[in-house]
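Since the structure comes first, as structure tokens, the remarks are kept for the end.
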Amino acid sequence: EARFWGAMAEVKREVFGQMPQEKGGEVVEKFVLKSDSVKVEILSLGCIIAALETKGKDGKFSDVVLGFDTLEGYMRRHPFFGAIVGRVANRIAKGRFTVDGKEYQLFLNDGPNSLHGGARGFDKVLWSPNILPNGVCFFRLSPDGEEGYPGDLKVWVTYTLSGGVLAINYRAQTSKTTPINLTNHAYFNLAGQGSQDIYDHEISIEANSYLPVDDTKIPTGEVAAVEGTSFDLRQPVELGKHLQKFHLDGFDHNFCLQQVQARRLVARACHPPTGRAMEVHTTQPGIQFYTGNNLDGSLKGKDGIAYAKHSAFCLETQNWPDAVNKPHFPSALLRPGEEYNHTTWFIF
């Protein structure tokens, strides 16, 4: 086991498990990034954030992300706990798009649509790690035609920890024009993973508009103002009361952020009983707020705890869903010679 000391964080690597023989039998590693206030564990499988411990006001550390104790859990079907999703996060309508006059058809894994990269997206593959002084950079080459997408796509995902700041940088280059949209799909519960629900969390999102969706969760194309609706989260709301007040089943929507390339604060979550809080800063044009509506208690996570509906939330920084089919949305395309480069900061 090697230790690297950076100014702000310590990095350790260890074996997490071994893939089953029928899936190649390779070793899956776990990288532990630790500062005074945060400890994060990341797997070489899917660049998964398997644990993220932060301090509450009592000074005690608690793990605030959903996931599994062992590799076996991650090898079974699960809703992208902690993983990097791609090539295209979120949904592409009917799994179809046209680039340079050529139509591409993707695998449909979400009703009539393609979701989070397809049948075997970036969340289900092994990445090559490279340890940095205060983090780890994962690389993979997604070959031309993988999951139906055009072009050899080189992807680098870098996690760095500095004090209470976890930064995730996404970079990519392609040999053919391809849609791309990378995010991390961590499920948070600031009361500690395994807590019953997130109703006592306060959430705010810095967005003046959001994307209404059809019944398959594809944006209708309208960019709607949040003003006067249940989507107005510009001032903090207590989640449980807010869902009740508006008779909502939960959120699973893209909020439209200011169209600037610069880093800005886009969302905040806090849990008053423990004093834990999290800010999200990003350079991305959108953020998907998801309240774990599809969790139903059937999955047993860490410590054998069944994850119930609304027991976690996701704040997935992203490009807008189905952007490749909506010319008036921010462009989803990466062309040869260009570089995709986005960063998101989670501040605890």
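The backbone N, Cα and C atoms fix where each Cβ goes, and this holds for glycine too.
Copied from TrEMBL, the annotated features are:
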ACT_SITE  H185  active site, proton donor
ACT_SITE  E316  active site, proton acceptor
BINDING   N90, R91, H185, A186, Y187, D252  beta-D-galactose binding site
**Those recorded positions of R91, D252, E316 having Cα within 10 angstroms of H185 (active site, proton donor)** = E316
**Request:** List the residues of the same chain that sit at least 6 positions away from A186 (beta-D-galactose binding site) in sequence and have their Cβ under 8 Å from its Cβ, in sequence order, or write 'none'.
**Result:** I49, L52, V65, F81, G82, C314
**Message:** Using a Cβ cut-off under 8 Å and a sequence separation of 6 or more, which residues in the same chain sit near D252 (beta-D-galactose binding site)?
**Reply:** V213, K217, Q288, F289, Y290, T291, N293
**Item:** Sequence-distant neighbours of N90 (beta-D-galactose binding site) in its chain (C-beta under 8 A, six or more apart)
**Value:** L115, H116, N181, T183, N254, Q288, E316, Q318, P321, D322
**Prompt:** Which whole number of Å gives the largest C-alpha distance between any two of N90, R91, H185, A186, Y187, D252, the residues noted as binding beta-D-galactose?
**Reply:** 18
